[in-house]
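*Asks:* Okay, here's the structure, questions in a sec.
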Amino acid sequence: MKRIGVLTSGGDSPGMNAAIRAVVRKAIFHDIEVYGIYHGYAGLISGHIEKLELGSVGDIIHRGGTKLYTARCPEFKDPEVRLKGIEQLKKHGIEGLVVIGGDGSYQGAKKLTEQGFPCVGVPGTIDNDIPGTDFTIGFDTALNTVIDAIDKIRDTATSHERTYVIEVMGRHAGDIALWAGLADGAETILIPEEKYDMEDVIARLKRGSERGKKHSIIVVAEGVGSAIDIGKHIEEATSFDTRVTVLGHVQRGGSPSAQDRVLASRLGARAVELLIAGNGGRCVGIQNNKLVDHDIIEALAQKHTIDKDMYQLSKELSI
C-alpha cells in the first residue's frame, strides 16, 4: 500500500486531531503517502482531497475539533453516491481509508467495505457508544468538561438551596450522564438505557429534604427526554426552587485530555498498521487497556450497553 486517505465524520470530538496526526505520521514513517479528505463523506463525494505532509499535522495534538472539518452526509446512504466516493478515492490513487467518527461514520465505512474498498474505523465520539471499545476518543475530555460544569453549578445550588436538573449529551447512550453523575455525587442520574419512575425521583428528593438536605443535583442524558419538562415536574410536585441547565455543545470542545491524546495516538497508528497488513474492513478499539480490532460489520451488529454495576453503584451511593 502506497497511499491512504483519512477523514473525520459526524459530530466532532476532542482528540480527533491527535488521531489525524498519528495516522499521518505513522504512514509517513512507513513511506506511505496520506491524503486528507475534508468535510467527511461530503468532501469525499465532492473531491475535496489534499495531500498531507508532516508539517500539515504540526501543532494540532493539543487542539480540539478536527483539522479536516466534519459534516453529516445522509446522502452517503445511497449506493450510487458511495460509488462516486470510491471513484474519487481511486482517482487520487488512494488504496485504503481511515474513518474517524461515531456510529454513522462507521456505517459509511462498513458500506464502503461491502462495496470492496478497504476501510478502518477509529472511534471518535464523546458519547462513548461504539461497540468493540471500552472508550472512544473524546469521551474523557467531555466527561471532565461536564464534571467541571457540575462542580460550579453545585456551588451555586448550595448557596441558593436549589435543585438543579443538568442535561448532558447522549441521545442513545448514558455514559456521560452516568460517569459524570457518579463522579459528582448526583442525587439522581437518568439515562436512556434504564427506565425510571418520575414519582420515585420525586420521593427520593423529598426524603433528602426531610433529613435536612438543602440542594440536589439531577443529571439527565438528553435521550431521556426534556430536562425542562423534568424540572417543571419536580418544582410542581415538591415546591423546591428548581433550575435547569442544558450544557449543550460546550461538551464537544476544548483541548483534549492526556488520556484522549494518548488513546487517539494509539488508535490512529493501529489503523494504519491494519491497512498496511491488508486488513481492511476492521475497526480499532481499546479493551482492558490493550489495543484490539474487530470486523466492522460484526462490531456494528452489536449493541452498546451501559455498565450495569456502575449504574447500580450510583443508585446505592445516592440514597
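Glycine is treated like the rest: Cβ placed from N, Cα and C.
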*Asks:* According to Swiss-Prot, Thr125, Ile126, Asp127, Arg162, Met169, Gly170, Arg171, Arg243, His249, Val250, Gln251, Arg252 bind substrate; which one of Glu193, Glu222, Glu273 is annotated to that same site?
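*Replies:* Looking through Glu193, Glu222, Glu273, the residue Swiss-Prot assigns to the substrate site is Glu222.
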*Asks:* Need a hand: Swiss-Prot gives Arg21, Ala22, Val23, Val24, Arg25, Gly185, Ala186, Glu187, Arg211, Lys213, Lys214, His215 for ADP, which of Arg72, Arg154 is also on that list?
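*Replies:* Swiss-Prot names Arg154 for this ADP site.
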*Asks:* How many Å lie between the Cα of Gly185 (ADP binding site) and the Cα of Gly102 (ATP binding site)?
*Replies:* 29
*Asks:* Count the Cβ atoms, other than its own, that fall within 10 Å of the Cβ of Arg72 (ATP binding site), considering every protein chain shown.
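*Replies:* Total other Cβ atoms inside 10 Å, all chains included: 15.
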*Asks:* Determine, for the ATP site, the additional residues of the same chain whose CB lies within 8 Å of the mean position of the CB atoms of Gly11, Arg72, Cys73, Gly102, Asp103, Gly104, Ser105; present them in sequence order.
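*Replies:* Not counting the recorded site residues, we get Ser9, Gly10, Gly40, Gly101, Gln107, Gly108, Thr125.
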*Asks:* From the binding-site residues Arg21, Val23, Arg72, Ser105, pick the residue whose C-alpha lies nearest to the C-alpha of Arg243 (substrate binding site).
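*Replies:* Its closest listed neighbour, by Cα, is Arg72.
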*Asks:* Using a 10 Å cut-off on Cβ-Cβ distances across all protein chains shown, tell me which of the binding-site residues (Arg21, Arg171, Lys213, Arg252) has the largest neighbour count.
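*Replies:* Per the Cβ count within 10 Å, the most buried is Arg21.
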*Asks:* Anything within 10 Å of Thr125 (substrate binding site)? Look among the binding-site residues Gly11, Val23, Glu187, comparing CA atoms, and list what you find.
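*Replies:* Close binding-site residues: Gly11.
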*Asks:* Compare the Cα of Asp127 (active site, proton acceptor) against each of the binding-site residues Val23, Arg72, Asp103, Ser105, Val250 and report the nearest.
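*Replies:* Nearest listed residue in space: Asp103.
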